[in-house]
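**Student:** My questions will all concern the structure given below.
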Amino acid sequence: MTKSAHETTTGQGGETHQQASGDTRVLTTNHGMPISDNQNSLKSGARGPTLLEDFVLREKIFHFDHERIPERIVHARGTGAHGVFEATDDISDLTRAAVFTKGEKTEVFVRFSTVAGGAGSVDTPRDVRGFAVKFYTREGNWDLVGNNIPVFFIQDAIKFPDLVHAVKMEADRGYPQAGSAHDTFWDWASLMPESTHMLMWAMSDRTLPRSLRMIEGFGVHTFKMVNAAGKASFVKFHWKPKLGIQSTIWDEALKLQAADNDYHRRDLFEAIDGGDFPEWELGIQVFDQEFADAQPYDVLDATKLIPEEDVPVRIIGTMTLNRNVDNFFAETEQVAFLPTNIVPGIDFSNDPLLQGRLFSYLDTQKSRLGTTNFHQIPVNAPRCPFGNFQRDGMMQTMVPKGRANYEPNSLAEHGEEAGPRESAAKGFATTNLASGPDEQGDKLRVRAELFADHYSQARLFYRSQTENEQAHIASSFVFELSKVADLDQVPARMVANLRNVDEDLAKRVADGLNIELPAKAEAARKPVDMKPSDKLSIHKNMKATLKGRKVGVLIADGTDAGELDTLTKAIENAGAIVFVVAPKVGGAKLSDGKLRKADGQLAGSPSQLFDAVAIVLSDDGTKMLLKEGAAVQFAMDAFGHLKAIGHSKAAKPLLDKAGVEPDAGVTGTGDDFIKAAATRFYDREPGVRMLA
Ligand code: HDE
């Protein structure tokens, strides 16, 4: 149902209340009084002063003045959507959580985010993406607040404020916004060897997603699952996108920032709006104490992952995002995720990063949303019945009846409503399964022994990448470190750390910066060689598909109508969206004399917005566009960003001018293009840019 502006939604059930006036068409004050004039303030004479008496003006401006709430200290820029999770496998041997009953469907709300930038920053910086899912289960809300990278920068929550201060805009100058390529971040990172593994991921194409629909998600920490008999197992959570993982490349991401600040949120919104619902599979890695004890890393250390080759990911459900929010502020901005939102059958581990998070998120919601009653905001409220004896507070919207606001009470004996009671059988119970030695004992400000290995998995990650991906990582380090003013100290310190990861990588970065190779940093614990894991590479796991993709088709006056028609049908049949670009947005007059409307004007629709492009022009159209820089750039960037370019024969001079050289990705406009458009041509890269 589409709600009109004058309706308000309140309460847990999301029911719609009509205004007190009884007439839903009449604009009213917040207190229901019908307003006769909402455009002119009350004045003493037509040119006289505005009167204090004007409560309509006062209420409107008062409310407006307070429209903003503090943005999230991290993950401020985000976008959300509703959906459903369906459990597809019987895992009652592992957990008693109702959400995992085979066939059970649970409503979800997901918020994706960047980490460092403010709410008004861009969608495509090099940054980690938040992947936070709220499951409204029948046993209460379960929030799986993860990222698109399976490890984290630090091992202990006490370091988080330092990490965040270092990466966000610098304190004195207020820039740079939304990026890690600056002094304070690399100063901190080069002094923090435990961040090295995460840095490898951050410098890889993982932080340049093509679409939020094409990212993986990870719970990061080790959690526990507990079955009905109380038996606990360790688990790691994974989200796998059905569209496959797909990233852009750095030059493309930079240009995307200029072409469309909102690239990712628009992409997600439009896909859902168009009925192309993004889907992920939820998988778990399950292991026991014996496995944990045998690994060269600590499973409680959030800077480590468990290779999928060692513990395969078992798929247990599917999530489909099928509904956009009705109101960005009410839902996406006000949604409050809490790692402490857990349900019976799932439990925490002693990961010291997770333990710190269990404190942090509740605090932050009170500061952001201003009240302890933030759980009553519709997007946060459980869908199952809930109740306790917590009462009152700012913005209380529930109206509990009767006197029962304490326990124990015996009010029921007098026939009064006595309120809810705890249930040992149904309730959450903390498991006492320890994951190894030292989980209890003396009070110490220390970390467990294996946490001192900072490099083995950074090496594992690097060595699991394709040659091209390794070159991207080396080039990202060079780019980011070249933005550091203190060239003498910081980059050298970073490269000294990288020598513990991989000598070749360290050399490439030093070369790229043109600095001397520094002495190797001393490692707190000698790294070990782990077996490379193909699953850590994007390129080794990419799907050749046009599903969920967008193809830009450049046309102009004179374009062959038949060729265009056949091509667009073929693209659509392959599952992609066709976006027609023309010099004028009103369209182009095709060979059949008919006007073909464009979806975007050439100057505002550069090729970085598309996964592949086709250039369908007549001789005259080509002649005209040879004089249009945006058209030449369209082809040049598509080529430089390693995309397929399909073209009509007549368009060849435009491609020549753009420096497009023939290769497997440069095709005609027939089937060869449809096949090529499903992939990218990474082999082309050494010919178009110098990588480290
Ligand atoms: Fe967060 N994090 N975080 N974080 N985090 C927040 O909570 C924090 C960490 C993650 O879309 C804040 O509501 C601490 C790891 C996501 O609303 C805050 C530590 C992971 C989101 C906070 C971490 C995350 C947040 C800011 C170290 C991946 C966005 C606003 C112990 C597993 C959720 C808010 C959304 C948000 C604290 C580390 C993911 C301040 C103290 C590790 C996806 O509470």
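Glycine too: its Cβ is placed from the backbone N, Cα and C atoms.
Curation does not apply to TrEMBL; its annotations are automatic.
Look at TrEMBL and you will find 1-45, 404-424 tagged as region 'Disordered'. Annotated compositional bias 'Low complexity' per TrEMBL: 7-19, in sequence order. Taken from TrEMBL, the feature compositional bias 'Polar residues' applies to 20-43. TrEMBL lists 28-415 with the feature domain 'Catalase core'. The compositional bias 'Basic and acidic residues' annotation in TrEMBL covers 413-424.
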**Student:** Taking residues 6+ outside the compositional bias 'Basic and acidic residues' (413-424), which of them lie with a CB under 8 Å of any CB in it?
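**Tutor:** For the compositional bias 'Basic and acidic residues' (413-424), the list is 387-389, 401-405, 407.
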**Student:** Taking every residue in the domain 'Catalase core' (28-415), what is their average pLDDT?
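**Tutor:** 97, rounded to a whole number.
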**Student:** Work out, from DSSP, the number of helix, strand and coil residues along the region 'Disordered' (404-424).
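**Tutor:** Reading the DSSP string over the region 'Disordered' (404-424) gives 4 helix, 0 strand, 17 coil.
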